Amino acid sequence: MRAAALLRLALAGTRTDTARVLLTGLSAALAALAALAALTVLAIPEPVGDPYAQAEQYGNALLREPGLRGGTAFALLLLVIPVLALAAQCARLGAPARDRRLAALRLAGATPGQVTRLAMLETGVASLLGTLGGLGLYLGARVLIGRPDDRGRLALPTDVLPSPGALAAVVLGLPLVAALATALMLRRVTTSPLGVTRRAARDRGPGPWAGVVIASGLVAFVAGGRVLRSYDGSSEATVWLLGVLYVGGGLAAMVGVVLGAGWISHTTGRLLHRYARRPAPLLAAGRLMADPWAGSRTFAALLAAVTFGAGAAVLRAYFVLQDQLAREQNRLSGVDAGDNPFYLATMDLVDLAIAVAVAIAAAGLLVAVVEGIVARRRAYAALVATGVPRATIARSIAWQSTLPAVPAILAALAVGTFLGRALFGDVSRGVTSTEICDASADLCADPVTRQQYTRMVSGPEVSRTADVPLEHLALLGAGALAAVLLTVAVGLLFLQASTAVEELRTT
Amino acid sequence: MNSDGVSTPHVLLGLLAAGSKHGYELKRAHDARLPRARPLAFGQVYATLGRLERDGLVAPAGHGRDGGPERTAYALTEEGHAALDRWLTTVEPPMPYVASTLFAKVVVALLVADVDRARSYLVAQRQAHTARLRELTAVKNEPSATVDDVVAADFAIAHLDADLRWLHTTLARVADWHREVHA
Amino acid sequence: MTLQARGVVRSYGPTPALRGVTVEIGEGEIVAVTGPSGCGKSTLLHCLAGILRPDAGEVTWQGHRIDTWSEAARSRLRRTEFGVLFQFGQLVAELTAAENVALPLLLAGTGRREARTAALTWLERLGVAEVADVRPGEMSGGQQQRCATARALVTEPRVLFADEPTGALDTLAGEQVLTTLVRLARQQNTSVVLVTHEPRIAAYADREVVLRDGMVDHTGLGLDTPLAGGHR
């Protein structure tokens, strides 16, 4: 096939296809921005000689201290995850119609390769435009916010650029990955020209084995805590074991929460189905039971963010307690000061990242809600024609989106809290001893006279467990639920257009 | 339409294959099995039986008197069975000729008259067809209808339906057709 | 006690679909609306059923103009006095047959148990009691259409609107659906507006309205031509 013909066919689509292309581009741009930010942090040069030398030109300790930059870059890369979830959600927008169109091309004689190239071209070009836009935005923002503050420090590392090779890898690599993912998702369409046929048997619904995955993650975390306590600081293998237990356990718990959303969807659907008296919850129950994984898919990024956020809330409580203990000990010594404020300042940044992740996840949710409405417009139009009020349909969509969200968010909060407390449970501060000078400043300043007036004050060893930050967790859960409700409300705006009687026309 | 070309001899052979029957029984069996066909006259039954006997396909199988007039019962001969088998295994040629009064009438109407005449004929014919179709549909959906009735009505309905489709499309083509006929 | 359309005009953008149609459907009457593709059959049905509002002309039901009613009022009319049946795709894929049929009753506030009982009765009448707990995706086209018919009739509507109800079925399945539909409609004295392009389907009606280019076609069997043979 000629390139022009390929392009013409790739562009032949409906408004939904246009929306999908735009959203694919947008999420590619977001992913590129996050990746570029991470790369920029990594590109900060380390001064030759002293490996602990700080990059004094920055206002933020996260950027100044070389030991923290790796973690900062990693956190930025983690932000790519909800963006990718958003991209996956966008790729599903109007996908059934697109699959039918591609299947029709197969029926018309196109080879599987041609059809796959067509779809890859669409995703690839859209993503490339997105990453190029992201690069443009990044370069523009560098110039705009690259001014030093009054202390001559930069807020962000706008003075360095990642290597051209790294830039090219982001701008070209992300579209390539997206195109390959598209090819993978299209396997079913390209193997059969008849496309996707109707499902033969009813699924029994997911079993509660996601609970096993979560439990194994939690156990790994607790085991990690044990290993850490008995660690004598010499064995290299133990460090590895710790890494495996914590990273693997954390991932397992998060994946378990996401998978568990499928079980939660199905179970809420079943319960709702049993007790529903009105049409709206009945419709919602039917959908929840018919496709429980839809909930898992749509809530994945949100639940991951909430789990992470709950862990972060526990960590903040830990730091707050540490600060408080330090303050108490210092007060004994007559000094009014807390712990190093760096940690709490960093937590603000982490919370900001979580808020951004929740916002991105909400965008993915919005796309999922809209796609659910648009894909079923014929059925909805038929219901409206038979006299079902639009409000009933709207209520059913609201039920279906929010009902499983509540237990799923609670589960994510619980798992995140547990993980956090397994890692940062008790705050303990060892015996402190401070030299105090009980005299006027003049006397104390003189080393000779100072000797006479000093005494040693020692604080006892303290060990306390931080309270569960209920308020913070409630705020996080409420925020996530609010995001769900908001997306449903916005998504319902599409219902009116999707139930127009024109959808019913057979001729 | 399709009333022509029914092979009465073979139908009678078929009816006799179930057991010997005399003329009156044959007529009754025929009218019961083929409820929507043109009813068979007695004369036709006896004439046909005579021909079949002459060709050696049926043979008298005893006389019944029952106090009434003498009746001769007929049964299939070996040859008769063979002839019936041959007929049953022969595939009917599907529509060898396009020959129908309906079709011929429209052609002639176009030849001797104008488009309007042909069209009004088609409309009138369509109306008659529709009425008959409706009548047969009603018969078929009568609660008392037997499978015999339904199958016979289905046969007629399918043909009427085909004719009606032809009438619809021909009505749309009549102007073009007239132009061609008078070119 | 009739449904009437007087001088109904309706366009889709610049394309006129109906250009002044007047029809009347009597109580218990079965009327077929036929004509070639694109003649405005479905649009007329949508206007009569209060799904679409005509651009001009009026639609009256038992003496009330319904085309001026609000969407909510027309929705209520459609789920109480009217029943609607389409060619395909009208059942909710995630609900079982019984739940689909019970839906209009639940909307009317009937209790769930009661609604299910009624739904089962109607599935039985349509001869598809065996699929009561099966979802549409696992049924044949004929079974789906029977369920849809049961759903359209479960509220015992005064008028049933059927838009090519057998269009997606083979001859035998289509005939079975239609036979049952007509029989049940006559039992309940429900009027039927039957949109079809097939003569043999139209033959189930008492009367036929032929549309052509958005108007009643008087060279066809027009409005004033009740046909012989309707077995009422």
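Here the Cβ of each residue, glycine as well, is placed from N, Cα and C on the backbone.
Taken from TrEMBL, the feature transmembrane segment covers A:67-91, A:125-145, A:165-186, A:207-228, A:240-264, A:299-321, A:341-370, A:405-424, A:473-495. Look at TrEMBL and you will find A:75-192, A:353-454 tagged as domain 'ABC3 transporter permease C-terminal'.
Among A:240-264, A:299-321, A:473-495, A:240-264 has the largest number of CB pairs under 8 A with the transmembrane segment (A:207-228). Relative to the transmembrane segment (A:299-321), the listed stretch A:240-264 leads the set A:125-145, A:165-186, A:240-264, A:473-495 in CB pairs under 8 A. Counting residues 6+ beyond its ends, the transmembrane segment (A:165-186) has Cβ neighbours under 8 Å at 24, 28, 31-32, 35-36, 39, 43, 87-88, 91, 95, 99, 102, 115-116, 119-125, 127-128, 130-132, 134-135 in the same chain.
With a threshold of 8 Å between CB atoms, the same-chain residues lying at least 6 positions outside the transmembrane segment (A:125-145) that come near it are 10, 21-22, 24-33, 36-37, 155-156, 158, 161, 167, 170-172, 174-175, 178-179. Assigned with DSSP, the residues of the domain 'ABC3 transporter permease C-terminal' (A:75-192) fall into helix, strand and coil as follows: 90 helix, 1 strand, 27 coil. Averaged over the domain 'ABC3 transporter permease C-terminal' (A:75-192), the predicted model has a pLDDT of 79.
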